[in-house]
Amino acid sequence: MKDRYGREIRSFRISVTNKCNLQCFYCHKEGHNLDNNNNRYIKPEEFGVIVKTSTKFGVRKVKISGGEPLIRNDICEIIENVKDKKIKEISLTTNGIFLEKYAEKLKDAGLNRVNVSLDTLNPKLYKEITKFGDVEKVINGIKKAIDVGLTPLKINFLAMTLNIKNLPDIMKFCRNIGAILQIIEFIPLNEELKKYYYDISTIENEIKEKSDKVITRKFMHNRKKYIVDNLEIEFVRPMDNSEFCMHCTRIRLTHDGYLKPCLLRDDNLVDVLTPLRNGENLEPYFIECINRREPYFKFNKLKNKNK
Ligand SMILES: Nc1nc2c(ncn2[C@@H]2O[C@H](COP(=O)(O)OP(=O)(O)OP(=O)(O)O)[C@@H](O)[C@H]2O)c(=O)[nH]1
Ligand code: SF4
Ligand code: SF4
């Protein structure tokens, strides 16, 4: 099904918890919502029903996120329930601290690949950014995940003024271990964070010039992917980027059971857990969520078909 802006629905990002073992100063608290009610803790089989319904509207890829998804001790059961013949890929985004411990079990449960956040290899700076994190654990987790085949593994590098000097080291690391590098533009959530904003277009231009090949990821916000000396580098530039939003094919589920039409909005959620627990058909709730979708950064070429 397409939304009012002609955008298809292909991927479903499900937050399985709003809790995290780290406290990054820039955290979006993506899993966080108005409702902090334990009764709305979603069970593995409930994720299964919700994801199965989403496949009727075009979803073929599931991204599991948090908070930190690996703090749920039933994470493997969640993955087993989400598996469906129509779902072509299940991936998970993690801070990597518990990855070494879980990698093999996740793979056995049916997870295809992981994205790991890594803003620096420097232990001191890593701790400064994450408050409690030990970067050694993350590095070991990444290596283990590659060993067990949770690949292609992506490293998420959030480009900020305070870590941009670390980018060459991260590039070298990714090249050595065969990971894909995602360079993500930082979205300052408040005035105080604006000093960390770093415009990644200069780096993108440099990389574009050096690259051997450029690929556009259709259905993934039309993101550009560059290949430089065997290293794949992808740029994620959501800030004020109307093209990014125009090609957005994602819906989300909050950790407490609301369908979320857009990452950056909390005012248009659709409760799907209550109807699920009342034994209702969930399709009308998905239709409502899809109808509420709007590109956050609008582009004047986009036409609202209802107008
Ligand atoms: N604004 C916006 N940003 C997004 C969206 N999806 C992902 N991002 C950004 O991209 C970052 C990386 O997301 P990941 O969860 O690692 O996965 P992904 O890159 O979206 O997906 P894959 O490349 O397919 O693994 C997030 O931290 C967000 O900053 C989206 O729909 N809207
Ligand atoms: S690891 Fe992710 S969820 Fe946890 S605090 Fe950092 S940004 Fe937030
Ligand atoms: S900001 Fe909203 S509309 Fe834009 S890409 Fe992200 S989720 Fe999609």
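Cβ atoms are placed via backbone N, Cα and C, with glycine included.
Going by TrEMBL, these are the annotated features:
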type	residues	note
DOMAIN	4-232	domain 'Radical SAM core'
BINDING	R13, K63, T93, K154, R250, I251, R252	GTP binding site
BINDING	C20, C24, C27	[4Fe-4S] cluster 1 binding site
BINDING	Y26, G67, S117	S-adenosyl-L-methionine binding site
BINDING	C245, C248, C262	[4Fe-4S] cluster 2 binding site
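Sequence features, as recorded in TrEMBL, placed on the structure.
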residue : record                               : DSSP class
R13     : GTP binding site                     : strand
C27     : [4Fe-4S] cluster 1 binding site      : coil
K63     : GTP binding site                     : strand
T93     : GTP binding site                     : strand
S117    : S-adenosyl-L-methionine binding site : strand
C245    : [4Fe-4S] cluster 2 binding site      : helix
R250    : GTP binding site                     : strand
C262    : [4Fe-4S] cluster 2 binding site      : coil
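For ligand 2, the nearby binding-site residues are C27; that is, of R13, C27, K63, C262, these have a C-beta under 6 Å from one of its atoms.
Ligand 3 lies under 6 Å from the Cβ of the following binding-site residues, listed in sequence order from G67, T93, C245: C245. If you take the Cα of R252 (GTP binding site) and the Cα of C262 ([4Fe-4S] cluster 2 binding site), they are about 7 angstrom apart, rounded to a whole number.
For the binding-site residues C20, C27, the largest tally of other C-beta atoms within 10 A is found at C20. For ligand 1, the binding-site residues lying close by, meaning a CB under 6 A from one of its atoms, are T93, R250; the full candidate list was Y26, C27, T93, R250, R252. Taking the C-alpha atom of C24 ([4Fe-4S] cluster 1 binding site) as reference, the shortest distance to any of the binding-site residues K63, T93, C245, C248, I251 belongs to T93. Between the CA atoms of C27 ([4Fe-4S] cluster 1 binding site) and C245 ([4Fe-4S] cluster 2 binding site) there is a gap of 21 Å, rounded to the nearest whole number.
Using a 10 angstroms CA-CA radius around S117 (S-adenosyl-L-methionine binding site), none of the binding-site residues in C20, K63, C245, R250, I251 qualify. In the three-state DSSP scheme, K154 (GTP binding site) is classed as strand. If you compare every pair of Cα atoms in Y26, G67, S117, the residues listed for S-adenosyl-L-methionine, the longest distance is 13 angstrom. Counting other C-beta atoms within 10 Å of each candidate's C-beta, the binding-site residues C24, C245, I251, C262 are led by I251. Checked against I251 (GTP binding site), the binding-site residues C20, Y26, G67, C245, C262 differ in C-alpha distance, with C262 being the nearest.
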